[in-house]
């Protein structure tokens, strides 16, 4: 009970902090007229999905992890084909991005319904993914995370190759922030998804399994909570650097 209370306390603090910080990030994206680029919309949407994760964990994680991939693809296109990227119709472009997110969430919902078993519970708490759905969910999540990692690596190599261009130098500073946020996000999601997926293969008493699941949830909430701080301090350092240069 002592360990469970400690885990619940950490979980509750991180969850509350994540909701507050991502709400601020979402509100800033909506109110700021300078944040109207497709990447800003995707970042704001990722904040919304992180908030939803606290209330609909599986859907929030699915949408949030795919949103990280969408942000990476957006940055890759802006560097690889800048002329065509600027000519894109924002509404159509974002519609394609959001459609991909919705389809991935629908896939997760299908796994929940198709493999549903009403007797699969953990300490009277219903388990969302049953039977083979656990494996399919883990595999699909891993694929999304691996593809996202590959896209970010390719984008960073492209930035390094074109570092002599002024626009690319400016983009590299923004991209560093996104990569840093993504590291926390992807790491949190990957660790939580891996631990949750493997708990069905471990023989544990119900009370220990509940502790295990609570412990696994801490990592994704930590990644979600840290995101705002990374954005804030990176933005603060850029503003101070600009002021110093101008003075």
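The backbone N, Cα and C atoms fix where each Cβ goes, and this holds for glycine too.
The transmembrane segment annotation in TrEMBL covers 6-27, 62-81, 93-116, 136-154, 174-192, 212-234.
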Leading stretch by Cβ pairs under 8 Å, where the reference is the transmembrane segment (212-234) and the options are 6-27, 62-81, 93-116: 6-27
Contacting positions for the transmembrane segment (6-27) when only residues 6+ beyond its ends and CB under 8 Å are counted: 43-44, 47-48, 50-51, 53-54, 211, 214-215, 217-218, 221-222, 224-225, 227-229, 231
Long-range environment of the transmembrane segment (62-81) - Cβ separation under 8 angstroms, sequence gap at least 6: 38-39, 42-43, 45-46, 49-50, 52-53, 97, 100-101, 104-105, 107-108, 141, 144-145, 147-148, 151-152, 154-155, 158-159, 162, 168, 171, 175, 178, 182, 185-186, 189, 224
